[in-house]
Amino acid sequence: MAPIVRMSGISKQFLGVTVLKDVDLDLHGGEVHALVGENGAGKSTLMKVLAGAHRPDTGSIVLNGQEVSFASPRDAQRAGIAIVHQELTLLPDRSVAENVHLGREPVRRGQVDRRRMEADTADLLDRLGEHGIAPRTQVRRLPVAQQQVVEIVKALSMDARVIAMDEPTAALADHEVELLYDLVDRLRSSGIAVLYVSHRMREVFDLSQRITVLKDGTLVTSTRTNQITQDQVVRAMVGRPLDTMFPDRAKTRGTVRLAVRGGGNSRLHDISLELSAGEIVGLAGLQGAGRSAVARALCGVDPLTTGEFEVDGQPVRVRSPRAAIRHGIAHVTEDRKGEGLALRQSVHDNTMLVRNAAFGRRRIDVERLLRSVRLVSRGTDQEVRYLSGGNQQKVVLAKWLAVNPKVLVADEPTRGIDVGAKKTVYELLRELADSGVAILMISSELPELIGMSDRILVMHDGRLAGELPAGSSEEAVMSLATGGQA
Amino acid sequence: MTATATRQPVRRHGTRKFRLTPTMSVYIALVVLLVAGSVLVGMRGGVLLDHGGILNILTRGTVLGLVAIGQTMVILTGSLDLSVAYLIGLCSLIAAETMAGDPGMIVPAVLLTIGFAAVVGLVNGLVITALKVNAFIATLGVALIIRGYLENTYTGPAGSVPRGFQHLGYDRIGPIPVSTVVMLVLAVIVWWYLTRTKGGYHVYAVGGDEEVARLSGIRTGRTIVTMHVLCSVMAGLAALFLVSRLGSGAPYVGTDAGYDLESIAAVVLGGTLLSGGRGGVAGTIGGVLILATLDTIFDDLGVTPFLKDVVRGAVLIVAVALYARSQLARRAR
Amino acid sequence: MTQTETQSQSRRPKLASSTIPVLAVLAVLLVALAFAGSAYQEPAGYLALLKRAAPLMILAIGQYFVIVSGGFDLSVGSLVTAEVVIAARLIDGDESATLWVMLLMLGIGAFVGLVNGAITTRLLVPSFIVTLGMLLVLDGAVFLWTGGAPRGALSDSFRTVGRQGIDGVPVIGQLPWSVVVLAVIVVLAVLFMRSPTGRTLLAVGDNETAVWLGGGRVERLRTLAFVLSGLSAAVAAILLGGFAGVSAQVGDGLEFRVITAVVLGGVVLGGGRGSVVAAMAGALTLESLFSLLNLLGVAGGLESTVQGVIIIAAVAYAAVNWRRKKP
Amino acid sequence: MKRLMTVGVAGLLALTGCSSDLPEAPPTVSSAPSATKSEFFDQAEHDRQLSLRDAAPQGPADKPWEQALNPTMVDTGKYAKPGPYEICFSNASVDNPWRQVGWKTMQVEATLHPEISKFTVLDAEAKDDKQISDIQQLTSGGCHALIVSPNTTATLTPAVEAACAKGIPVIVFDRGVNTKCPVTFIHPIGGYAFGATAAEFLASKVGQGGKVLALRVLPGVDVLEHRWAAAERILAAKGVQVAGVEFTGNDGAKAKSIVSDYLQRGDINGIWMDDGTAAVPVLEAFEDAGKKAPAISGEDQQQFLDKWKTEGLTAQAPTYPTYQWRTPVIAALKILKGEQVPQEWILPQPVITDQTLDQYRSQGMPPLHYALCGCQQMPGYPDKWK
């Protein structure tokens with residue numbers, strides 16, 4: 001059977017960095033095609049090329065036997081290609097129905113047919129089993145998971161022949177994931193071609209008929225799902241056995257640098273933990289279990305409202321990021337570009353950012369610092385937006401190293417960076433720990449968390465569900481994370 | 001996915017609690033102002049809302065209303081237009097000079113004026129969308145260009161309007177000037193366009209998040225350019241109305257009244273977000289009426305114009321601060 | 001995998017690349033002036049130009065801080081007028097009042113900036129609206145106080161700064177005080193932008209969340225920018241009032257002119273980009289351009305047109321250039 | 001929906017009845033052409049003004065604001081009514097010192113007459129459209145007489161016509177309107193006389209071939225255009241070289257800069273100004289450039305007179321006296337009492353010379369005060385004007 005979409009030889013550069021290189025991809029009707037790869041492997045870019053949001057530098061897209069060239073997402077939509085984006089593309093001030101039909105509002109006698117729009121939306125929500133969302137609700141009033149549902153409904157409403165989903169389950173609760181499975185299945189059986197982008201192996205193997213693996217912008221393998229194993233896919237993604245990536249664990253554990261007893265706020269309850277010099281403590285949990293909330297509480301972003309907080313044995317009040325920093329707590333945030341870096345400023349200025357902002361101190365040897373994080377750049381004058389994700393993350397680490405923290409809270413420190421940079425980040429974290437810093441590391445990639453941590457704390461529903469020793473199995477972590485016992 | 005049209009979305013009306021929208025608060029403020037003003041003026045032995053008073057408020061509100069309607073449209077897309085004041089001056093001259101007292105030239109002059117205004121709006125829009133110039137700079141630049149032309153070409157009022165055309169500015173129905181009716185009809189049409197049509201939906205989308213709008217297949221550039229054209233056309237209409245009042249074109253009729261910043265103030269006072277995506281024409285008209293009423297009250301009270309400026313500035317800041325506050329409270333909930 | 005080290009480094013922040021175009025344009029204009037007018041064939045001519053440009057350059061420096069931190073200050077024009085009118089009424093020709101009135105002017109400038117900043121950051125009103133409101137309030141309040149027209153007179157010593165200079169300087173003859181003031185402020189501004197606070201201010205305009213999470217006091221910094229802008233207006237008022245005496249029109253249109261100047265210098269509205277030297281150079285460029293047009297006999301009215309074309313062109317050039325730019 | 005609206009509007013029309021505030025067709029047809037861009041020169045008017053300079057005024061010698069030159073009296077019997085009166089005033093603006101001084105003087109004048117029970121004022125803030133509304137508002141109230149100081153001649157004409165049509169006496173002063181309907185139009189001799197006097201003085205001082213720089217406020221204001229039109233002719237006739245004509249916008253700093261630029265290019269022997277507001281900064285430009293003060297024509301502004309006195313300038317000050325702000329109130333009362341008033345009330349326009357400088361200059365007034373306010377004998381002088 002001929003594919004609905006055949007992408008061949010797709011290449012794309014951004015600002016001189018090759019993001020996709022000569023990638024081929026076929027999408028068949030009635031088939032779920034999983035696209036996997038690490039963050040930064042080019043999955044999202046490939047999808048955006050398909051959706052008309054980016055134009056490929058080279059290569060062609062053939063749709064139903066005809067070569068097409070999409071000038072805009074609108075063109076792609078018209079050709080029957082719909083996208084569920086990873087980041088939410090919703091207008092918070094508009095209603096659910098308005099968002100679902102954005103750009104394709106039904107018109108009746110010159111007016112937008114609101115009744116039909118709302119009825120259609122209600123119908124689609126029903127099909128997804130989402131009875132709790134009213135089409136007239138303003139999107140800003142919905143929780144994030146429901147906003148994700150709206151995002152999916154939006155793609156569904158396009159009557160598309162091809163639907164591409166970029167990590168659609170990222171923000172969904174478990175029962176929602178099940179519904180999504182059903183939905184994807186139904187889409188497939190109605191003859192739609194589904195491109196399913198994810199790095200969650202379980203979903204990929206549950207849902208897909210075909211798997212394509214991207215690594216560093218090139219296609220590593222493309223095969224039927226039943227002809228490959230999970231291990232083989234992971235190896236193809238990473239390019240080498242994962243366990244060689246991680247540095248040795250700590251040999252000794254020093255004094256307690258940070259301690260919280262009975263901490264809580266609107267999202268957290270009864271959090272008690274200790275972080276000691278020299279150790280890397282992993283913090284695991286499902287999406288929404290409160291991992292980031294712990295990070296944000298320790299770092300003063302959403303401060304704890306109850307409980308005791310000690311740094312180096314001294315009780316402290318951490319009510320703002322500034323207070324946290326001045327007590328020696330560093331915070332590598334999840335959203336590097338949005339929260340970590342001033343993208344238009346130079347490497348030098350970003351490295352000095354915290355030092356300047358929180359302490360107003362004079363200069364230090366920035367170059368030495370940048371060498372120590374193995375930064376590759378064209379010089380300290382280069383604007384950080386031109387750096388690769390990995391090097392940007394190294395600048396983030398450098399800006400914290402510049403203030404000699406006692407505690408480092410690293411929220412998803414390897415998100416969206418390539419394998420080489422990941423390894424560097426792992427090494428840097430371990431070096432930091434060895435130098436006496438206490439590290440709390442959060443990651444949604446369990447192998448990484450298990451590989452790095454000296455012990456693992458598991459969150460469930462805003463509470464600490466338990467602690468596991470180094471080298472625990474993924475099953476043990478998941479069991480605690482889903483409310484079971486260790 | 002078909003056959004759903006008949007289905008009524010009965011069960012999900014959500015929780016429709018009463019919410020004080022910015023538009024409602026504008027009109028509540030207007031009513032409070034009218035009552036307070038009536039009392040104050042009454043204490044000095046006058047009547048605020050007599051025939052003359054109503055006429056006054058409406059006449060004052062008309063030109064600003066026209067300009068502010070247009071300004072609302074561009075601000076909703078996340079843009080703004082600083083060129084309207086000079087454009088009004090130039091359009092008034094084009095209209096008056098084309099008419100040159102000849103009743104037969106009314107129609108060509110009106111068409112020419114509106115056409116010219118549309119071209120200026122097109123330039124504004126294209127400079128912003130195609131040359132990627134910040135709207136502030138783009139429209140300020142266009143304003144300066146027009147200003148230079150005016151200063152260089154005109155020494156004062158020019159052209160003259162036939163009597164027939166002056167009816168637009170002077171006729172009224174009871175206490176309501178015809179021009180106000182025209183302005184309100186236009187406001188209703190624009191309100192309908194923004195809230196009921198596809199184009200209007202796209203305006204809110206572009207102002208809410210241009211990237212989201214683009215990814216949803218909306219031609220964002222076209223939307224912005226269209227709104228700029230419409231905004232300039234509204235300025236052109238304001239100029240036509242002014243010309244009918246003045247009897248001739250006047251180069252600084254728009255700038256003397258400060259229609260550029262004043263219209264932005266009215267829009268923002270009416271609850272439209274300066275960054276776009278939220279608000280609307282209904283609020284703007286409320287904002288315009290508040291400003292016009294304030295003016296009239298001050299006149300009736302014999303307050304010096306300098307105090308008016310102080311109060312206007314303070315009202316503007318306080319109003320926007322209150323909107324920002326309610327926004328915060330809502331987010332925190 | 002081998003570790004690559006940071007390549008060839010230039011440690012000091014150099015002249016930002018966005019500064020170069022405006023400096024080039026400025027150089028061309030200055031040379032053109034020499035050809036157009038005989039007065040510009042000797043240093044005194046340029047010194048006179050600098051003297052005239054000093055108030056706008058100082059305002060540009062103040063406005064730069066606000067724009068680079070992501071705001072607008074539309075109130076500077078009316079603040080300048082208000083300051084001059086206030087000074088005239090308070091001094092009323094009395095020499096002994098000069099000093100404390102000057103200090104009071106700086107205080108008023110700082111206070112107006114503080115109010116602008118506080119409302120912007122605490123009440124979350126867009127700075128465009130806050131300073132627009134402030135423009136109206138100042139415009140009205142000062143004339144409410146003086147009854148419509150300026151009253152009183154500035155003392156001679158007040159006027160010295162804007163009018164006189166240090167005589168007998170070799171080569172150039174008289175070194176105007178305003179140029180001295182300008183030089184001091186430029187040096188202070190450059191030092192400030194190199195200080196930790198200055199660097200953080202720039203970062204605020206780029207990514208205020210990152211600065212907040214990095215321990216910066218974003219609200220204070222943005223308020224500081226408005227205070228500096230208010231102070232610059234006070235200094236500009238001292239120079240302008242000194243130059244030509246009391247006038248109710250002294251600040252007319254300065255707010256848009258100074259924003260034009262700053263933008264011409266390649267500083268991007270919205271914040272985070274551009275250098276203070278470039279902002280100042282933008283102001284000097286604008287003044288040089290006006291002098292040149294004047295020398296060439298271009299009608300006064302067309303000045304605005306040229307100004308309009310230039311700012312659109314400058315920003316469009318920067319925007320297009322930025323899109324083409326490779327790392 | 002639209003149909004519904006049409007019906008609604010039609011219904012409203014039927015209910016309320018359509019009416020118009022548009023005045024009847026103007027009696028003078030000449031108003032239309034004069035509103036177009038004109039050359040601002042009217043030979044007959046020019047000649048008339050120059051001759052008026054030498055005319056002997058009628059009226060009390062010590063009260064120039066009650067004097068009139070070559071008046072043609074009109075009967076006002078039809079407006080006569082018993083007091084007390086409500087007098088209304090539509091002011092263009094108070095946005096410059098000249099208007100400020102005049103406005104204060106007028107306010108005091110109104111208090112001098114007990115028969116005025118109410119003096120209602122609306123300030124148009126220099127907006128033509130607002131002044132049109134203001135006049136409409138005032139004429140819809142209980143005014144017995146309306147004084148108008150028009151913001152712009154051409155654009156305010158229809159509104160003044162409309163006010164006349166209401167049957168209340170209208171008094172126009174300062175800038176005129178293109179209609180004869182007001183009972184009286186009060187103004188000093190005019191721009192031609194002002195400009196000519198200044199030009200003749202300069203020509204006599206700089207001599208043939210002397211270089212005069214003309215500084216004007218802004219183009220397009222007829223009073224100011226007339227000043228320059230007359231001056232231009234006289235300077236040309238006397239062989240005086242006009243180094244340039246520049247607009248200062250009455251901004252002292254701008255004027256000073258312009259003059260400095262000219263001084264860099266060469267000497268200037270005389271300064272002609274259509275408005276003396278910026279005279280002092282202009283003179284400072286000469287000082288700062290280390291040059292001798294030029295012959296200059298200024299105005300009766302205090303700081304200029306002070307400088308003239310202390311530095312012994314070669315100067316003259318034709319005036320556009322602020323005392324004309326007293327006259328409209330006096331005129332209004334005369335009209336309401338049925339007394340005759342001049343149809344065109346031309347006030348004398350004194351010229352301050354070296355000889356009369358001390359007579360006009362009063363010490364201790366603020367720099368932007370105008371000496372010819374005619375307010376020296378008024379209650380509250382001088383504090384109220386400070």
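Counting begins at 1 with the first residue displayed.
Note: Cβ is positioned from N, Cα and C throughout, glycine not excepted.
Within the chain, the transmembrane segment (B:20-41) has long-range Cβ neighbours (under 8 A, six or more residues past its boundaries) at 47-49, 269-271, 279-280, 282-283, 286-287, 289-290, 293-294, 296-297, 300-301, 319, 322-323, 326. Positions annotated as transmembrane segment by TrEMBL: B:20-41 (among others).
According to TrEMBL, the transmembrane segment annotation covers B:53-76 (among others).
Residues 67, 70-71, 106, 108-110, 112-113, 116-117, 120, 124, 139-140, 142-143, 146-147, 149-150, 154, 157-162, 165, 231-232, 235-236, 238-240, 242-243, 246-255, 257-260, 263 of the same chain lie 6 or more positions beyond the ends of the transmembrane segment (B:83-100) yet place their CB under 8 Å from a CB of it. Per TrEMBL, the feature transmembrane segment maps to B:83-100 (among others).
For the transmembrane segment (B:106-126), the list of distant contacts is 81, 83, 87, 90-91, 94-96, 98-99, 135, 138-139, 142, 146, 162, 164-165, 224-233, 235-237, 239-240: same-chain residues at least six beyond its ends, Cβ to Cβ under 8 Å. Taken from TrEMBL, the feature transmembrane segment applies to B:106-126 (among others).
Positions annotated as transmembrane segment by TrEMBL: B:133-150 (among others). Long-range neighbours of the transmembrane segment (B:133-150) within the same chain, counting only residues 6 or more positions beyond its ends whose Cβ lies under 8 Å from a Cβ of the stretch, are 74, 78-83, 85-87, 89-90, 93, 120, 123-124, 127, 251-252, 255, 260.
Within the chain, the transmembrane segment (B:173-194) has long-range Cβ neighbours (under 8 A, six or more residues past its boundaries) at 51, 54-55, 58-59, 61-62, 65-66, 69, 72-73, 76, 167, 200, 203-204, 230, 234, 237, 241, 244, 280-282, 284-285. The transmembrane segment annotation in TrEMBL covers B:173-194 (among others).
Taken from TrEMBL, the feature transmembrane segment covers B:224-243 (among others). Only residues 6 or more beyond the boundaries of the transmembrane segment (B:224-243), in the same chain, are considered here, and those with a CB under 8 A from a CB of the stretch are 62-63, 66-67, 69-71, 73-74, 76-77, 79, 81, 83-84, 87-92, 95-96, 110, 113-114, 116-118, 120-122, 124-126, 128-129, 159, 161, 165, 168-169, 179, 182-183, 186, 190, 199, 203, 206, 249-250, 253-254, 259.
Proximity of distant same-chain residues to the transmembrane segment (B:310-328), defined by a Cβ-Cβ separation under 8 Å and at least 6 residues beyond the stretch ends, is recorded for 20, 22, 25, 29, 265, 268-269, 271, 290-291, 294, 298. Per TrEMBL, transmembrane segment is recorded for B:310-328 (among others).
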